[in-house]
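Chemist: Have a look at this one.
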Amino acid sequence: MIEDSGKRGNTMAERRQLFAEMRAQDLDRIRLSTYRTACKLRFVQKKCNLHLVDIWNVIEALRENALNNLDPNTELNVSRLEAVLSTIFYQLNKRMPTTHQIHVEQSISLLLNFLLAAFDPEGHGKISVFAVKMALATLCGGKIMDKLRYIFSMISDSSGVMVYGRYDQFLREVLKLPTAVFEGPSFGYTEQSARSCFSQQKKVTLNGFLDTLMSDPPPQCLVWLPLLHRLANVENVFHPVECSYCHSESMMGFRYRCQQCHNYQLCQDCFWRGHAGGSHSNQHQMKEYTSWKSPAKKLTNALSKSLSCASSREPLHPMFPDQPEKPLNLAHIVDTWPPRPVTSMNDTLFSHSVPSSGSPFITRSSPPKDSEVEQNKLLARAAPAFLKGKGIQYSLNVADRLADEHVLIGLYVNMLRNNPSCMLESSNRLDEEHRLIARYAARLAAESSSSQPPQQRSAPDISFTIDANKQQRQLIAELENKNREILQEIQRLRLEHEQASQPTPEKAQQNPTLLAELRLLRQRKDELEQRMSALQESRRELMVQLEGLMKLLKTQGAGSPRSSPSHTISRPIPMPIRSASACSTPTHTPQDSLTGVGGDVQEAFAQSSRRNLRNDLLVAADSITNTMSSLVKELNSEVGSETESNVDSEFARTQFEDLVPSPTSEKAFLAQIHARKPGYIHSGATTSTMRGDMVTEDADPYVQPEDENYENDSVRQLENELQMEEYLKQKLQDEAYQVSLQG
């Protein structure tokens, strides 16, 4: 009693230690229950060193402990279960190099306590054989397809069809593993678990079983099982990508990419714990990546796949025959090693992977000849005398096995190896044994020298042809799958390119580079608006000058042609300059730009207040250009008073025909222009008055050459101003177009 209580106390302490170490990993913070369950079971698997054991090692250990012959419902005590686990881990240490030896006793103790906690929570000290097989097959390492094939061999009948009762029992036992790591509310067993996976009206074979459990997504109750194997496969996968949340320079394991946010990628720890930054949300769809490919490699693969005209998508598993292969007849194997127990029906169903054509221990399929039957009978009758005194118990079953020469020769070799002195016992027996060997050798020589029948010669050729055709069909299927995957990859790359070339506002807000570019564009827009305002102010000043010139023309048309220029407008025409106030007020209406301009020009350039600034500026530029063109033509075409009608008709084609009359005489107009020369502007009032008094009819011959030069200068100046206005108009149109595009 004291020893039992001590063992029970040690067991509970080791269980608590295992679960305490699991809690120290902070796995409960994982947001998704599927990943949380898979991570916990992966921790138990690595802690117990079961990830170093594959399904084949488990099957071998079960056979060595004769569990394959037991009924699945048979219960094992703790000592028997500990013996099975000892076989597994001691054999593992033999396979491991000396530098990677494991602590066998600790692994056995941890795994034993975990199995007892999962399958014997009441503490009865017994676990069924079926539960042990399912637990070891689920938690061991290796490929998931091999595990599922072994599990199917345990829950199917002899015809290769799944039994629903056994599958329900399998779910009942295997779902105790998530419950043992405190994930029972998410993946506990329910009555509807089996019905949610398969329909009872449909026969489920091995291929259908593998298709369902290896599909994406798998059944809800077993969704953690494929994820457990994916975790093991990607533990050491390196991704040279920066995490968008924790900003780590690289990732290990899974990599997750958001399907809505541009270039938003998370490492597995940030994704599992629900971290999100910026505009990314946990509700966004994420894609899981188990490997990393550089852009160059992606392009190379896409091109190679597109050129191969086939799809790279491989099937989930190879196709297996619906009917299981018959087990090998082990009765005719030369058993020179220690005999092993014959496999049961359920274990022999797992022989799907055993190639029947490659085994050297297969019985002949052709019926024996009459002479061979008689010879075998003679050998069987001679067997008791042959085995007498050799330490072998003779019975009818042994006699049946001795019906083949291979077994007889094997026994003879063992006898000579174990007891060489038996050759001296009896000369009769030696002669009899030599005759048997000679007869067997002669028959083998005759069979090797004789030619094979045509059917037997063609059998290898037929099998080779069948294998070649099967390989060709598999290759065609693989190429077709690769072609489909290439097309999907090309479509995905095209969509990504289109999305990258047309960034959405949401993506622009998330990218700092795009935000900086947007700020620069807005700053450029403000500068252009200020430039536009300055140009508008300059244009207003030009229009003021034009108004003064038109008033001058009206005054000369109404007054005397010989009047003195001193009575005209004496202030100089201001040149267009960039106003400092215009830069300080970047936006104002077109009506404000016409302030201080006469009514004639305002009527010509007035626009509706509903139009935008760009249209107002374009209309004003056109009007000024037409007016300046008309004025230049007016100055060039005046040759006397008789040209007054031609000037009036020229101005009639413009919008200012009622405002700009022609001067009465060329000399009066020249006198007006002469009075506005810079030399007279900069002179004092006295000089201006004297020059005005001196301008008479008698002085015209002396003033006329200078007036003609100044007239030519004025014409050239107006032409230059016209060209400047054309240039400003074109530049204003270009800048307004750029502002409209950037806005």
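Easy rule for this one: first residue shown is 1, then count along the chain.
Including glycine, each Cβ sits where the backbone N, Cα and C put it.
The Zn(2+) 1 binding site annotation in Swiss-Prot covers Cys243, Cys246, Cys267, Cys270. The Zn(2+) 2 binding site annotation in Swiss-Prot covers Cys258, Cys261, His280, His284, and the record cites sequence analysis as its basis. Summarising the annotation, Swiss-Prot assigns coiled coil to 461-556 and lists sequence analysis as the type of evidence. Swiss-Prot lists 557-569 with the feature compositional bias 'Polar residues'. The feature phosphoserine is assigned by Swiss-Prot to Ser662, with similarity to another entry given as support. Per Swiss-Prot, region 'Interaction with MAGEE1' is recorded for 1-288, and the stated evidence type is similarity to another entry. Here Swiss-Prot flags 400-450 as region 'Syntrophin-binding region'. Under the heading region 'Disordered', Swiss-Prot lists 556-575. The zinc finger annotation in Swiss-Prot covers 238-294.
Buried or exposed, and what's around them? Tell me for each listed feature.
Modeler: Secondary structure at Cys243 (Zn(2+) 1 binding site), as computed by DSSP, is coil.
Residue environment of Cys261 (Zn(2+) 2 binding site) contains 20 other Cβ atoms, counted within 10 Å of its Cβ in all protein chains.
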Chemist: With every protein chain in view, how many other Cβ atoms are within 10 Å of the Cβ of His280 (Zn(2+) 2 binding site)?
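Modeler: The answer is 18.
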Chemist: What other residues of this chain sit with their CB within 8 A of the center of the CB atoms of Cys258, Cys261, His280, His284, the recorded Zn(2+) 2 site?
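Modeler: Everything else in range on the chain: Gln259, Gln260, Tyr264, Ala276, Ser279, Ser281, Met286.
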Chemist: From the centroid of the CB atoms of Cys243, Cys246, Cys267, Cys270, the recorded Zn(2+) 1 site, which same-chain residues not already listed sit within 8 A by their CB, in sequence order?
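Modeler: Neighbours found: Ser244, Tyr245, His247, Ser248, Met251, Leu266, Gln268, Asp269, Phe271, His275.
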Chemist: Give me the count of other Cβ atoms within 10 A of the Cβ belonging to Cys270 (Zn(2+) 1 binding site).
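Modeler: Around the Cβ of Cys270 (Zn(2+) 1 binding site), 19 other Cβ atoms lie within 10 Å.
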Chemist: Just to verify a number: CA distance, His280 (Zn(2+) 2 binding site) to Cys267 (Zn(2+) 1 binding site), in angstrom, no decimals.
Modeler: 14
Chemist: State the Cα to Cα distance, in Å, between His284 (Zn(2+) 2 binding site) and Cys267 (Zn(2+) 1 binding site), rounded to an integer.
Modeler: 15
Chemist: How many Å lie between the Cα of Cys267 (Zn(2+) 1 binding site) and the Cα of Cys258 (Zn(2+) 2 binding site)?
Modeler: 12
Chemist: For Cys267 (Zn(2+) 1 binding site), what is the tally of other C-beta atoms lying within 10 angstroms of its C-beta?
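Modeler: Cys267 (Zn(2+) 1 binding site) is surrounded by 23 other Cβ atoms within 10 Å.
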